[in-house]
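Colleague: TrEMBL lists 1-18 with the feature signal peptide. What TrEMBL records for 31-117 is domain 'Inhibitor I9'. Marked as domain 'Peptidase S8/S53' by TrEMBL: 143-595. Annotation comment: TrEMBL describes Asp151, His224, Ser556 as active site, charge relay system. According to TrEMBL, the domain 'PA' annotation covers 383-472. Positions annotated as domain 'Subtilisin-like protease fibronectin type-III' by TrEMBL: 671-767.
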Amino acid sequence: MAGILVKCLFFFVSLCLAINLAKCIPNTKKTYIIQMDKWAKPDVFIDHVKWYSSLVKSVLPSTPEGEKTGDEEERILYSYQTAFNGVAAQLSEEEVKQLQERNGVLAVFPEIKYQLHTTRSPMFLGLDREDSSKLWADRLSDHNVIVGVLDTGIWPESPSFNDTGMKSVPAHWKGVCETGRGFEKHHCSNKIVGARVFFRGYEAASGKINESGEFKSARDQDGHGTHTAGTVAGSVVRGANLLGYAYGTARGMAPGARVAAYKVCWVGGCFSSDILSAVDQAVADGVNVLSISLGGGVSSYNRDSLSIAAFGAMEKGVFVSCSAGNGGPDPISLTNVSPWITTVGASTMDRDFPATVKLGTGKIVTGASLYKGRMNLSTQKQYPLIYLGSNSSSLMPSSLCLDGTLDKASVAGKIVICDRGISPRVQKGQVVKEAGGVGMILTNTAANGEELVADCHLLPAVAVGEIEGRAIKRYASGRNATASLRFLGTKLGIRPSPVVAAFSSRGPNFLTLEILKPDMVAPGVNILAGWTGALGPSSLPIDQRRTNFNILSGTSMSCPHVSGIAALLKARHPNWSPAAIKSALMTTAYVHDNTYKSLKDASSVTTSTPYDHGAGHINPRKAVDPGLIYDIGAQDYFEFLCTQELSPSQLMVFGKFSNRTCHQSLANPGDLNYPAISAVFPEKVSVLTLHRTATNVGSPISNYHVVVSSFKGAVVKVEPERLNFTSKNQKLSYKVTFKTMSRQKAPEFGSLIWKDGTHKVRSPIAITWLASL
């Protein structure tokens, strides 16, 4: 009998292979985002949602009786109608091919997985000074600015979201407070004005959320979302600290602004269909600013669903701020590079958390740490020191202190040297602790240079730079090496600062060299802000400590700084466009540190460039009164896209929302009225002219003159050299002509500054000579 069954099974499989194996095995369904032409809806449909459903139904397989399977409602995950038009649906590859041929379908995007880009800063930015409030006119609560934060949710009990003294929710607000496990209506307030969750794309890709282990609600279990929301608009909290570190008054950039939490990230990541739905809903709800601290690589403009959604948000007047990514110091590592998105890199502040390593030789090495726990090492005693790597530059699993790689017999009772990389920094310390080690020295590699990121370790641990790390490892290779660790608390007035963070992603923007990215840098290293009550400050499940605040680093932390400052500017200048706000931030940014020298790069300790810091470090006190702005409208951005060699159908994904067409008003991409200037010389081109239009937002009668850097490879001429304004909001244009004198192998950098005696309106300049292929 068994033999007959085997023969039957063999015959069936052979038959499948002979006919078509794909027809015998159900096609795998994946999530796709379908962008629709809203104007192509047939009159027979009463609304767009019905039309979208009909289109999806039209490509579904039929039953033997010719009827559709009827699962189109289950297939459709989201409908988009505000910043984006279309649906997210689960389809097979064959169904996608059929759908792409249907009338009204503009584009189909496969689901993309995005990752999170993971106190003192208001003072560092000059927002705590007594005269600061005068800059921002009336109380911010009177302006009703709402910031939408796309992240891991929010912990509503955090003191950062206290709404004492805030007026009722703005009348224009259309958002809601969605309930779920651990999140009820009363968790929203006059500070947290909305909370929504987006998980259909995540569940379609990863399976149902385990609700016993994860909040399927806006409640933040990860901590990242609470931290970013608190950085944007956290209320004033006196006595804020992390286990005694960074003690002081914590506040967000815009403490009077409101927060709307859009939870798009879960334990397994963040998915584009969920993110797109959140952007679409946030714009419909009525947010003024969107803060998005995540990224998913770089695609062409017409293939990037977040870029397209951000374009739609910009059309509705919403300022969109995104993190640049943590791929530095590698060049061309940026994400979120579209010109209508404000791309934010990370920098340090003048606060540090020093800790020292004392070697058996008596040498003392300074590092950083946030350790505060029950395991304490005596500063009067030296402990055996061990490094389980080799003297070569190549890293090993044991030198990285990866889980299961440390020999307990070798490690017990010793301070272990661990190389940074692969696994989370705090996890390395836990591996050492479980192996019986009493402490850890975390050494930077070439990728991190001398940048020190402090962590809340579970055992005594100190992070040191690459150079000192190499020296410590050489010492540890000898006999009877010993060390002791000491923790020195919080230190202010660190010089130099700011410094561009080593992890901050770098330009150039390889999609379009003429658009200089990142746009700016902001504090993103060792940032104190609100934290979840569901997780310890190390983020390790074993950590039973609970704190109201935590200290984190990443461009995820720098992005909400800019989002919050944008909220301040929107409150001060309600009629400013997103581009005007970005211009004010960029043209007033500074490019020197507190030693009055050029900004440095933490990875190399050399001078950074606009490919690292963009226009410079944000300066909110100056941004409120920039003098001049470079404004850009939605049609201007569309004209930029018309220079990007996109086909008419590819342009339609941006143009159909408002029936836009190309007017060919830009001679090249560099003519976009961007606050930064990037001159790109193709092979055999020696003269290039770019154009800009400045809008006067200062005194009606204002007279500016121009100052331009000198370059080795080119002569730069600005015409006219003076801009004489006679009224507020008047626009005057000028042109910048670059003439090559000697083609350079590497880009050159400088600046163009308009001065009127009060304002310095600075645009960074990059000149690139393309080599022949």
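Even glycines carry a Cβ here, placed using N, Cα and C.
Please treat TrEMBL annotations as automatic predictions, because they have not gone through curation.
Since the structure is predicted, the reported quantities are computational estimates derived from the model, not experimental observations.
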Colleague: Please report how many Å separate the Cα atom of Ser556 (active site, charge relay system) from that of His224 (active site, charge relay system), as a whole number.
Modeller: 8
Colleague: Can you grab the distance from Asp151 (active site, charge relay system) over to His224 (active site, charge relay system)? Cα atoms, rounded to a whole Å.
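Modeller: That comes out at 7 Å between the alpha carbons.
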Colleague: So, by DSSP, how many helix, strand and coil residues make up the domain 'Subtilisin-like protease fibronectin type-III' (671-767)?
Modeller: 1 helix, 58 strand, 38 coil
Colleague: Within the domain 'Subtilisin-like protease fibronectin type-III' (671-767) only, compute the mean pLDDT.
Modeller: 97
Colleague: A 10 Å Cβ contact count, applied to the active-site residues His224, Ser556: which residue has the minimum?
Modeller: His224
Colleague: Just how many other Cβ atoms lie inside 10 Å of the Cβ on Asp151 (active site, charge relay system)?
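Modeller: Around Asp151 (active site, charge relay system), other Cβ atoms within 10 Å: 29.
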